[in-house]
Amino acid sequence: LRPALQGVRASPCPKGWLDFRGNCYGYFRHELPWRKAQAWCRALRDGCHLASIHSAEEHRAIARFVSQCQRGEEEENVWIGLRQLVKLWAWSDGSKMRYSAWDDDEFTKGNYCAALEDSSGFLSWEDDSCGERNAFICKYAA
């Protein structure tokens, strides 16, 4: 080993993915409706879903990652794994909702899904029609 590489651990995540606190996050710029984006994530590997976000720290790391990925492009909203089921919001990976960052408390009734809002630097969420086509972020446990 070269001295500069001692103590450096190889990332368990694929090249170009974010490695954060035991999870891998991949950004996909091709725009899909929410259900197709979720299917894309599920097809990547077992346990992969549209990203669930459970803390402000995790949210900031993802927002920085998405901003870097979209650098030089027109910023666009990005799907995360939250969607409205009847009156409740639920994560696509089945995890409990312990954190939220909605841009406001007014929700439209109907078939809505959550996206990181481009105009906030991806630091707030917006409810968007699930049929809208957005870029998306996938997550799996490393």
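Using the three backbone atoms N, Cα and C, a Cβ is placed for every residue, glycine included.
From a predicted model like this one, the values you see are computed outputs, not experimental measurements.
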**OP:** Would you mind checking which of Cys24, Cys41, Cys69 shares a disulfide with Cys138 in Swiss-Prot?
**Re:** Cys41
Original post:
Closest to Cys138 (disulfide bond): which of the disulfide-bonded residues Cys13, Cys24, Cys113, Cys130, going by Cα position?
Top reply: Cys24
Subject >> DSSP three-state assignment (helix, strand or coil) for Cys13 (disulfide bond) >> reply: coil
Original post:
Which of these disulfide-bonded residues has the least crowded Cβ, counting other Cβ atoms within 10 Å: Cys13, Cys41?
Top reply: Cys13
